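One structure is given here, and the rest of the page talks about it.
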Amino acid sequence: MRKLKSKKYRIKKKLSEELQEIELLKSWIESQQPERGSNPMSLPDLPSDAPLGRVGNPTLFSRYAGATRFEQLPISKKTKDALRQSKYIVMTDIQRAALPHALCGRDVRGASKTGSGKTLAFVIPLLEKLYRERWCRDDGVGVIVLSPTRELAIQTFLVLNSVGRHHDFSAGLLIGGRKGVKEEKERANKLNILVCTPGRLLQHMNETEHFFCSQLQVLVLDEADRMLSDASFKPAVELIIKDLPKDRQIFLFSATHPKDVKDLATLCLKDPEFVSVHEKSVTATPTNLQQTYIIVPLHRKLDMLWGFIRSNLKSRILVFLSTRKQVEFVYKAFAKLQPGIPLKRIHGKRKQEERMVTVSQFSKNPIVLFSTDVASRGLDFDQAVDWVVQVDCPEDVASYIHRVGRTARFDSVGRSLLFLMPSEEKMLDKLQAAKIPIREKKPNKDLVQSLSKLLASKIVQDPDLLRGVANRAVITYVKSVKKQKDKEIFDVKELPIDEFSKSIGLPFPPRMRFLNNEINNSSKKVSELSPIVEPENLDKDNEFELLPKEELDISDSSEEDREKDPFLTNDTANAADWEGRKIEHTMSPSTLSTRVSKKKKKKLKINIHRPVGTRVVFDDEGNSLPPLARLADINNARAPLDQIQDKKTEYYKKLREGLKKEDKDDKAQYHNRRREKRLKNKMKWKRGNTYEKEEDVSDSEGEAYANRPHKRSKIYFGSDDDDGEIKESKDKLGFIADSISLAEQEAVALKVLSAMHS
């Protein structure tokens with residue numbers, strides 16, 4: 001019978017195998033590392049049946065630059081097994097280009113389209129780095145992964161657990177919005193891999209005792225463009241990088257890399273390898289993404305959104321809005337209207353547990369999810385998103401790419417719809433310059449319904465729920481437009497604030513102090529002109545057009561798209577038109593001929609050369625006085641002051657009289673209260689003395705009477721007769737006195753009778 005080997009022997013053998021594997025991987029990586037600045041994808045693909053690892057000669061290894069499968073890379077057996085179990089077999093373009101450089105220990109700055117597999121491109125190298133360094137739990141923090149949002153951090157942590165399931169490293173998730181900060185502080189020093197948001201990591205670096213990152217090996221910035229350019233993240237990230245050791249490997253990954261990020265990257269990267277697999281691609285977005293836009297005025301956006309949702313009740317729709325208050329209002333208002341599909345919302349102020357539940361529900365069922373840009377970065381839902389709808393224009397091209405990147409991920413098909421106001425049409429030029437194929441569509445007017453009256457009725461029915469949120473939605477949206485940097489696209493003066501407020505059910509727009517009068521009244525440009533105008537006499541400056549609210553002029557859409565979505569139509573006669581496009585007058589010439597033009601108000605100019613006017617003062621006799629003669633007259637100068645002093649004295653006199661009268665009433669009330677209190681105490685004292693003096697009561701009767709509770713006398717504070725209680729007490733005392741005198745009389749009578757008989 002074969003003898004079982006001891007546990008100590010098995011551990012020793014496992015350790016020996018790991019050491020041999022680590023030596024093999026180090027030699028393999030060093031001998032076949034790609035040249036700096038090269039693109040591994042430019043090399044011919046490695047055949048699937050090619051030998052791997054050491055080939056014959058101990059110093060000769062197979063090439064891994066140009067590999068197409070994970071098993072062809074110089075990575076540990078534990079990582080390969082986990083990848084195979086997670087069904088990761090073939091590498092994507094960004095993984096093929098980034099992994100060979102990252103495994104060599106070089107800094108990598110990667111950019112690729114959304115949904116291209118960037119997470120695995122940095123998760124695999126960081127696991128292999130710790131494995132080759134024989135990192136253990138006692139060595140402390142070895143890797144930090146920074147993510148801009150909590151949802152993205154959670155998603156990265158799940159991928160890390162899946163790929164590193166066979167490794168012995170300890171990993172932790174440090175994000176805000178959760179309880180148990182004390183437990184995090186106790187365990188943070190014992191973790192090897194930290195996936196966190198910048199704010200929570202900076203909190204632990206400042207507050208947690210013995211939290212050191214001096215042995216850090218790898219730093220990862222996921223969605224690096226936002227982390228290094230957004231004002232809400234940049235200060236924290238700079239402080240974190242400043243406190244970390246300079247001798248570490250850094251990965252920067254994102255879907256876009258603006259110029260300012262390229263400049264900031266020099267602060268923390270050393271000779272980085274820039275990997276942009278889709279830089280020379282025909283389009284900057286996935287090819288299986290159908291992108292469309294609709295020109296619609298601001299005050300009809302909710303009507304369009306409602307009609308779109310009603311026509312796609314079986315789809316998974318992700319709706320982006322600019323601010324949290326907009327998300328809250330649209331969610332609550334549409335929930336009141338009941339569109340026939342579940343509604344959810346997500347934004348930065350929602351609790352973390354609620355956000356996680358919402359994301360999980362959205363991944364499983366057809367739902368409309370209203371969100372801010374918190375869901376625009378890195379989130380990968382379990383099931384494909386059918387539609388991404390951007391109700392508000394994104395701030396730049398990068399934001400647009402990240403928003404639409406939530407759909408059409410990997411090999412799935414997706415569609416996006418962008419709402420643009422007429423003043424935001426310049427955004428189309430920037431999208432086309434960024435190689436984003438987007439075309440115009442037009443909605444079916446039969447599916448568009450005006451919601452202003454419905455929303456107004458809902459606000460009246462439940463003002464506590466909707467009125468305040470509606471006001472804040474308008475204010476925050478106008479603020480977001482005002483704060484935008486690109487004034488060519490975002491012009492707050494072009495916003496029809498009055499119409500926008502009425503469209504969401506408000507009777508009048510909320511007060512916005514941050515806007516001047518000109519901007520507040522910009523939506524009343526038409527009303528400032530005369531409603532009666534002669535077309536022939538219109539000046540170019542005063543020219544305006546009567547724009548019906550029920551029309552929209554948008555270019556044709558394909559028949560194929562119309563079959564997929566009933567909301568889009570190819571029938572020009574049936575297409576909806578909104579105001580905002582130049583269209584002809586629909587009024588008859590006879591009506592227009594009765595109109596007259598209104599002249600502009602002429603601006604007044606000050607003539608500085610005009611002589612200054614003089615003031616002449618006359619006395620009672622009609623004689624003119626010098627300009628300062630009235631001031632020199634003491635009587636006239638003192639008269640106004642004396643009059644003011646008299647009024648002041650009279651005012652104080654009336655005030656003192658009123659106070660005296662009130663003081664008299666207060667004193668009377670005070671004396672009455674004191675008098676009632678003294679009478680009450682006096683009656684209590686008299687009742688107690690009366691019970692003690694009763695001698696003719698028998699023992700049994702006395703006990704019964706003594707055990708009887710004392711009944712409090714009634715006090716009639718509101719009655720006219722303040723002596724009511726006194727009279728009642730006197731009656732009782734009189735009854736006792738009468739009973740005593742009668743006994744004495746009987747005793748005297750008995751003595752008299754006995755004397756008579758004797």
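Numbers here mean position along the shown chain, with the first residue as 1.
Note: Cβ is positioned from N, Cα and C throughout, glycine not excepted.
For 68-96, the entry in TrEMBL reads domain 'DEAD-box RNA helicase Q'. Under the heading motif 'Q motif', TrEMBL lists 68-96. Annotated domain 'Helicase ATP-binding' per TrEMBL: 99-275, in sequence order. Marked as domain 'Helicase C-terminal' by TrEMBL: 301-455. Annotated compositional bias 'Basic and acidic residues' per TrEMBL: 659-669, in sequence order. TrEMBL lists 659-723 with the feature region 'Disordered'. Among the features that TrEMBL reports, compositional bias 'Basic residues' is placed at 670-687. TrEMBL lists 693-702 with the feature compositional bias 'Acidic residues'.
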For the domain 'Helicase ATP-binding' (99-275), the mean pLDDT of the predicted model: 88
For the motif 'Q motif' (68-96), the number of residues DSSP places in helix, strand and coil: 16 helix, 2 strand, 11 coil
Tally of DSSP helical, extended and coil residues in the compositional bias 'Basic and acidic residues' (659-669): 11 helix, 0 strand, 0 coil
Helix-strand-coil residue split for the compositional bias 'Basic residues' (670-687), DSSP-based: 18 helix, 0 strand, 0 coil
